[in-house]
Amino acid sequence: MVPYTRGEEVSRPSDDILFEIAQLAAQGVREVNLLGQNVNAWRGENYDGTTGSFADLLRLVAAIDGIDRIRFTTSHPIEFTDDIIEVYRDTPELVSFLHLPVQSGSDRILNLMGRTHTALEYKAIIRKLRAARPDIQISSDFIVGFPGETTEDFEKTMKLIADVNFDMSYSFIFSARPGTPAADMVDDVPEEEKKQRLYILQERINQQAMAWSRRMLGTTQRILVEGTSRKSIMELSGRTENNRVVNFEGTPDMIGKFVDVEITDVYPNSLRGKVVRTEDEMGLRVAETPESVIARTRKENDLGVGYYQP
């Protein structure tokens, strides 16, 4: 559906992206999320006229002082190349969490969807990712009840979910969208069957997510402190790399900074912990100051006035 609604892919020049992120870093932003449809297909022009890859861009962003956590979404398996996987091996700023949509575990359904990868190829990507970053957790998108989906097709999706051990998912029942190839297919899966399959899938994902949370008990997690906890104004709250909310006792000066927290309790929708290390004790990497990036990527109009145009 996306190619019919979003249009042709366009890659912003790398200097535009780096300039914007450097400005954010200078304002105190610690985490950035690179957004795009098939974001890992980015091929942007560099300042010297060469074309940079998405792996190149990730390393350039990670080099900006103050940016200590990088996410990106949404990715496509076909464009998830080995050079991107290598960034997970040597760039700690890139979080150990990835959203990589697969949609189905059945090759037959993937072909009907127009997706040019197989379930086996998807699993091969995950296997290489976990070799580079053993603690990485994966989320995905799933569509159940796609036209022609049989019980066997759905069982293959459930097997993929178990094999990959997804941490979370965005899962939906198929509904036809005008103007897409699937709209011309016979929607032959009964509505009640679709709902039942969605329930089974989501229950399995929830069980796996809870198991992932329980594995975090007793571990030390790096938290970006977002503010006071919803549960108590006397506590602080932040998120782990894998998007778990953690509540803990802390001081107001920790807000907007990183702290290392030992996980002491696990709940269905949050975790609880105690601070074991503050940001000042972490020795976070410094590679390039935001000011130097801004100076290097600054543009001027005909009057010599500096500007930035996203």
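Even glycines carry a Cβ here, placed using N, Cα and C.
Mean pLDDT for the domain 'Radical SAM core' (1-211) in the predicted structure: 94. According to TrEMBL, the feature domain 'Radical SAM core' maps to 1-211.
The domain 'TRAM' annotation in TrEMBL covers 214-277.
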Tally of DSSP helical, extended and coil residues in the domain 'TRAM' (214-277): 5 helix, 33 strand, 26 coil
